[in-house]
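What follows is a short report on a single structure.
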Amino acid sequence: MPPANPHLNHTGGCTKTEEEEAASSEEDSGSFHGSGVCKWFNVRMGFGFLSMTHREGICLDSPVDVFVHQSKLHMEGFRSLKEGEAVEFTFKRSSKGLESLQVTGPGGAPCVGSEKKPKGTQKRRSKGDRCFNCGGPNHHAKECQLPPQPKKCHFCQSISHMVANCPIKAQQLSPGSQGKSTTSTGEEEDMSHTPLLPESTD
């Protein structure tokens with residue numbers, strides 16, 4: 001009875017295990033070298049595909065797709081690839097297809113990468129790149145070429161006061177909010193006094 005179980009479940013565990021063993025032995029047997037260009041790369045998701053034109057130095061008849069994940073890119077900072085960027089890489093054959101192991105620029109140089117950055121990263125960086133001394137872009141206050149500037153109001157840019165005491169900001173806020181509340185309060189007071197007068201006279 002125990003020997004019959006593997007044969008009954010032939011399409012289940014046994015075959016799958018043999019395929020996995022074959023795939024893992026293929027992966028262990030080594031990696032291959034290829035070169036080509038980046039076909040596409042999603043900077044937000046961090047993966048894409050390479051279009052391999054040469055394998056082990058031999059030109060291929062037609063390009064072959066090789067999966068690439070950002071963790072395999074040889075470069076500093078934010079890792080990404082630019083569409084059409086020339087690359088060299090090592091790759092392996094897996095159950096999912098061809099997957100890159102390490103990706104570099106030509107001659108082992110670092111990858112160039114895409115100018116595109118995920119939207120969240122762009123917003124954070126643009127705020128961080130403003131100088132709080134002069135207000136200029138692309139540098140920080142500690143790197144500013146100008147001497148320390150006087151503190152100024154963030155609302156009207158005047159150096160005579162801070163934003164908390166800004167008269168222009170106070171003027172813009174007061175007509176809308178305070179004017180309406182004063183008028184409605186005044187009307188309520190007038191209306192509350194008006195009904196009392198006729199009742200007291202009668």
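In case you wondered, yes, glycine gets a Cβ from its N, Cα and C as well.
Of the listed segments 93-110, 111-128, 129-146, Swiss-Prot assigns zinc finger to 129-146.
When Ser62, Ser174 are looked up in Swiss-Prot, the one carrying the note phosphoserine is Ser174; the rest have no such note there, which does not rule it out for them. Between the CA atoms of Cys156 (Zn(2+) 2 binding site) and Cys131 (Zn(2+) 1 binding site) there is a gap of 18 Å.
Averaged across the zinc finger (129-146), the predicted model reaches a pLDDT of 79. In the three-state DSSP scheme, Cys144 (Zn(2+) 1 binding site) is classed as coil.
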